[in-house]
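The following features are taken from TrEMBL:
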- B:4-129: domain 'NIF system FeS cluster assembly NifU N-terminal' (DOMAIN)
- B:C40, B:C67, B:C111: Fe cation binding site (BINDING)
- B:141-191: domain 'BFD-like [2Fe-2S]-binding' (DOMAIN)
- B:C143, B:C145, B:C178, B:C181: [2Fe-2S] cluster binding site (BINDING)
- B:243-309: domain 'NIF system FeS cluster assembly NifU C-terminal' (DOMAIN)
Amino acid sequence: MTNTIYLDNNATTKIDEDVLAAMLPYFTTYYGNPSSMHTFGGQIGKVVRQARSQVASLLGAEESEIVFTSCGTEGDNAAILAALKAQPKKKHIITTEVEHPAILNLCRRLERDGYTVTYLSVNSKGQIDFDELEASLTGNTAVVSVMYANNETGVIFPIEQIGQIVKEYGALFHVDAVQAVGKIPLDMKTSTIDLLTLSGHKIHAPKGIGALYVRKGVRFRPLLIGGHQERGRRGGTENVAGIVALGKAAELAQQHLGSIGREKILRDKLEQGILAAIPNTAVNGDPDNRLPNTSNIGFKFIEGEAILLSLDEYGICASSGSACSSGSLEPSHVLRALGLPYSVLHGSIRFSLSRYTTETEIDRVLEVLPGVIDRLRELSPFNSDDADWLQEQEQAVLAR
Amino acid sequence: MWDYTDKVMEHFHNPRNQGKITEKQEGEEIVTGQVGSIACGDALKLHLKIDEETQTIKDATFQTFGCASAIASSSALTELLKGRKVDEAMKLTNKEIAESLGGLPEEKMHCSVMGQEALEAAIYTYKGIPLDDHEEDEGNLICRCFGISDTKIKRIIRENSLTTAEQVTNYVKAGGGCSSCLPDIDDLIEEITTEQETATVEQEKSVEAATEVWTNRDSSSVETSTTTQTTKTLTNLQKITLIQQVIDTEIRPILAEDGGDMELFDVVGDVVKVILKGACSGCASSTETLKLAIEATLQDRVLSTLTVESV
Ligand SMILES: Cc1ncc(COP(=O)(O)O)c(C=O)c1O
Ligand code: FES
């Protein structure tokens, strides 16, 4: 197998070696339960506290505002459900069309349970319309949940402006920051955010650990009801090794925020290289307003999976849509929400970099990608904009 | 990631017979079969060169837009076809295509079906048989084991008045594999049951409305009662005015109760064209029941020959 060139960091990331080193002793030497009444277990409470402080520091939050969870999905679910339980009379939720399934599918489920959900639309750059938000907000709105940055396109929402509007209507404000944490500086002290989700495996900690920020004062009822762990906000014996890892990863992420510009330079090199070398390609989303590590590019006339499997031959890992969408046959709901034509929709690829990405790797991608795209376009019956069959079909789609 | 056989990957990386067929000799015919669309995410053009005298496929090539298994299936198909007699080729099944690739993941079986359909289309064209429209299976994928969408499952539930997920499995297989989609099928059944209940209520309401009008006729609203009785001699203008009136005073208030609304768009002969809005406008089946309810009211109130079309 050729060396792996991993450009799928929005799906998951490699565990940082320092993170791994920090967590390993909690599987072997220090396997105690922090709740125990003996030193062997009890001493572990200290490291959990330290990790909590590291995570709090990355967010500009207080330690008591951090609840450890098992993943981003749990954080999202716990946040929305807690917000609803805190305001039992309010039956309306606002979110966007482009959220992660952890939010969207939960909202669809809640609609069945009698809640009304507004899914804010986005324009071709992936941005919501403030007027639509204001028009949707009422005294009945319990929670507004908007992601900080989109996992597929990297587009960043103007979270604080949204939060200002939300606060005027007295709703709680949840932000899925799974993709933003470690890539954008966050400061809960000056923020309008009430609840914020993050996930360990997107910031070089392992899978199976995450955290939820709960602003002091917000009434939070647990999703997992059980013991007194996490001050009763999440039952279940602590995933100590995971928590230690998340703490260390948060500390490293904070250090790395200063040098995030390097990722952006590489991302831009990759993107500009692709656009220059391959005709009929375009950047999806808002080029001027997105995560520094993400590039989503539409290659017309061909299908994403075929591109991914061709790149895989060279050890290059990327993704088409989100990992979830590429396990099903549907085009990505995010790209669809941008209103992209079908000729681009199915052939869009996301490259997402990390602090481990090197310039040599980017050069290698730029070397092989044009050939891959060329070969697949040769195979395609729609290899130019004016292929009759394509024209016919686009008309048919428009007519629908 | 899909579990593709080495054979699938081999065909994907080195597809056989790609492109068009441009050259033919005396006594040969070139035909093309095309299926799929760019919207569905896969599309295939299959080109065949047929020797008219021996009825044999002398060459087969393809152009495919789609995933790795779509490309591999097309490539394998062209290999299977070369040298076959046309009538034999007609018997080729999608299973044979999949088997020639050492199998396809269940979720990707549709790629082999696409191959078989393109072949059918090409041969039908060759024989001059008109092509049926294949059902477009768009919608959300519900059963991954058998690749079945909500659109199809809902249609089967409606057409056969199914009430349990187990019945759905018997009809279209969905749910019969790993069974993880059974709760989703339950949800679809519930959705349709609720929809049908609402539709019945709607219909009852419209009948009620119509009867109410009928009983009020002699007493209160003078204008309308006179016009209703002289339906046969209505001028076109009178007809439109009356339709508009019934819509405004009787139909829209009822629709509004359920968050819906409508607008009169045009009247062409006896066809009343309306625009449905609000709560009910998105859903095809409730549009249908609404349309019928509006039609019933207008027939009763204005002219029995009226039909309603939603535009
Ligand atoms: C924006 C966003 N939210 C939530 C999640 C879910 O996180 P996890 O995989 O930790 O459950 C993801 C992961 O893909 C994500 O990108
Ligand atoms: S997904 Fe339907 S049976 Fe497995």
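Along the chain as shown, residues are numbered 1 onward.
Even glycines carry a Cβ here, placed using N, Cα and C.
Keep in mind that what you see is a predicted model, and the values were worked out from it rather than measured.
Listed in sequence order, the residues of the same chain lying 6 or more apart from B:C181 ([2Fe-2S] cluster binding site) and placing their CB within less than 8 Å of its CB are B:I142, B:C143, B:R144, B:C145, B:A174, B:G175.
In this structure, of the binding-site residues B:C67, B:C111, B:C143, B:C178, the smallest number of CB atoms within 10 A of the CB marks B:C178. Distance noted between the C-alpha atoms of B:C67 (Fe cation binding site) and B:C178 ([2Fe-2S] cluster binding site) is 24 Å. Summary of the [2Fe-2S] cluster site environment: with the site residues B:C143, B:C145, B:C178, B:C181 set aside, the chain residues having Cβ atoms within 8 Å of the Cβ mean position are B:I142, B:R144, B:F146, B:A174, B:G175, B:G176, B:G177, B:S179, B:S180. In the shown protein chains, 17 other C-beta atoms lie within 10 A of the C-beta of B:C145 ([2Fe-2S] cluster binding site). With respect to their backbone Cα atoms, B:C111 (Fe cation binding site) and B:C178 ([2Fe-2S] cluster binding site) stand 21 Å from each other.
Among the binding-site residues B:C67, B:C111, B:C143, B:C145, B:C178, B:C181, no residue is identified whose Cβ is positioned under 6 Å from ligand 1. A coil conformation is recorded for B:C67 (Fe cation binding site) in the three-state DSSP classification, outside any helix or strand. Contact annotation for chain A: of the listed binding-site residues (B:C67, B:C111, B:C143, B:C178), B:C67 place their CB atoms under 8 A from a CB atom of that chain.
Annotation note: B:C143 ([2Fe-2S] cluster binding site) sits in a strand segment as assigned by DSSP.
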